[in-house]
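What follows is a single structure, written as structure tokens, with notes after it.
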Amino acid sequence: MALLTAPSLQAVQDPQICPLPRTWSACSQEHSRRQEPDAWGRLPQAPASPGMPWHCHMHDTMGLPLLVLLLPLCCVSGLPFYNGFYYSNSLNGRNSGNGHGEGIFNGVKLVVETPEETLFSHRGANVTLPCRYRYEPALVSPRPVRIKWWKLSENGTLEQDVLVAIGLRHRSFGDYQGRVHLRRDREQEVSLEIRDLRLEDYGRYRCEVIDGLEDESGLVELELRGVVFPYQHPRGRYQFNFHEAQRACEEQDAVVASFEQLFRAWEEGLDWCNAGWLQDASVQYPITQTRHPCGGLSLAPGVRSYGPRHRRRHRYDVFCFAAALRGQVYYLEHPEKLTLAEAKEACQEDGAQIAKVGQLFAAWKFRGLDRCDAGWLADGSARYPVAHPRSNCGSVEPGVRSFGFPDPQSRNYGVYCHRPR
């Protein structure tokens with residue numbers, strides 16, 4: 001916003017209220033004409049004389065700058081006071097409107113518009129986060145603005161700068177460098193386009209428009225389509241502190257799930273009686289069927305919460321979130337059952353890598369992977385996905401069955417491989 005400066009006000013000075021300054025020579029000459037010699041025939045020195053006009057004293061002792069500062073105070077005091085932000089079209093010093101009702105004191109409101117609904121996309125895709133701004137009332141002439149996009153903090157992390165732009169120049173930051181730019185297909189559009197979405201890109205983004213001293217912003221929430229799955233340490237339940245839980249999910253091509261993701265999974269039927277870490281360092285678990293070991297029969301189905309826990313001292317399982325799969329997960333047809341080491345080698349010989357737990361869950365959820373044969377995974381567990389339940393494949397519910405973490409030297413399992421796209 002443009003500040004109202006003294007040249008733009010052009011207030012008319014009233015000589016009776018605020019006389020124009022005079023030079024020191026004029027003041028001293030006028031004053032000297034009024035002075036009479038004392039008994040010794042001497043004239044008093046001009047600066048020390050109490051009879052000299054006040055502005056002559058001030059001009060001599062403080063100089064012209066003080067008068068320049070005083071003049072706006074005495075001459076503008078009668079103008080109306082505004083406690084909001086206003087735009088002026090008379091920065092060139094002309095105290096007149098522009099013929100469109102936008103005069104010097106026209107109040108203008110800056111409005112930023114973003115969608116209220118959550119945006120959904122998938123890993124590897126391109127997505128546009130919509131953002132537009134406008135003025136109320138509308139301005140005839142466009143104004144230069146500064147645009148800033150950043151990602152809000154999650155789980156106590158620092159806010160992440162994404163992009164700043166002034167005019168046609170912009171700069172991106174961190175992991176967003178080279179993947180983001182502004183879309184300006186329409187006037188006053190400042191939408192953010194993110195290319196090649198990554199697993200950690202989901203979250204809340206703020207679009208801020210800065211015009212002078214005024215700024216307004218809006219929120220855009222981005223979710224990736226994915227699947228939530230519980231994960232335990234090979235040694236058994238409740239072995240992870242929060243930081244270890246984060247690493248465990250990352251090793252399985254996933255991230256720690258947020259409460260919103262766990263709640264959505266519960267709505268879709270996830271039922272798990274072991275408490276696990278979430279992204280905000282709280283510990284919770286989803287129950288669709290009430291029972292004694294899982295909070296008792298008196299509690300209604302829902303997501304049970306232990307609240308925030310100490311990130312280093314307390315230990316639980318973890319709920320991970322894996323986004324939609326990039327590439328292919330498949331059961332490797334092999335004439336023999338394999339040890340864990342042989343399974344890894346067999347996938348490499350087939351031009352792939354042994355699959356991770358998050359990849360298997362994503363293939364089951366989004367590709368409908370259905371196989372009744374248990375196979376090794378990268379973490380040393382043995383699992384198999386069932387999209388269409390049947391009597392010889394375990395439970396009557398679809399899901400990913402687990403045999404835990406067998407002896408790595410056992411030859412009872414095949415292997416699931418992942419071939420990147």
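Every residue, even glycine, has its Cβ placed from backbone N, Cα and C.
What TrEMBL records for this protein:
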- Cys273-Cys294: disulfide bond (DISULFID)
- Cys372-Cys393: disulfide bond (DISULFID)
- 109-225: domain 'Ig-like' (DOMAIN)
- 227-322: domain 'Link' (DOMAIN)
- 327-419: domain 'Link' (DOMAIN)
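On the structure: features taken from TrEMBL.
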{"residue": "Cys273", "record": "disulfide bond", "DSSP (3 states)": "coil"}
{"residue": "Cys294", "record": "disulfide bond", "DSSP (3 states)": "helix"}
{"residue": "Cys372", "record": "disulfide bond", "DSSP (3 states)": "coil"}
{"residue": "Cys393", "record": "disulfide bond", "DSSP (3 states)": "coil"}
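Reported as a whole number, the C-alpha separation between Cys273 (disulfide bond) and Cys393 (disulfide bond) equals 22 Å. Distance between Cα atoms for Cys393 (disulfide bond) and Cys294 (disulfide bond): 26 Å, as a whole number. Cβ neighbour count for Cys273 (disulfide bond) (all protein chains, 10 Å cutoff from its Cβ): 14.
Broken down by DSSP into helix, strand and coil, the domain 'Ig-like' (109-225) contains 6 helix, 62 strand, 49 coil. Scoring each of the disulfide-bonded residues (Cys294, Cys372) by how many neighbouring Cβ atoms lie within 10 Å, the top position goes to Cys294. Of the recorded residues, Cys372 (disulfide bond) and Cys294 (disulfide bond) place their C-alpha atoms 29 Å from one another.
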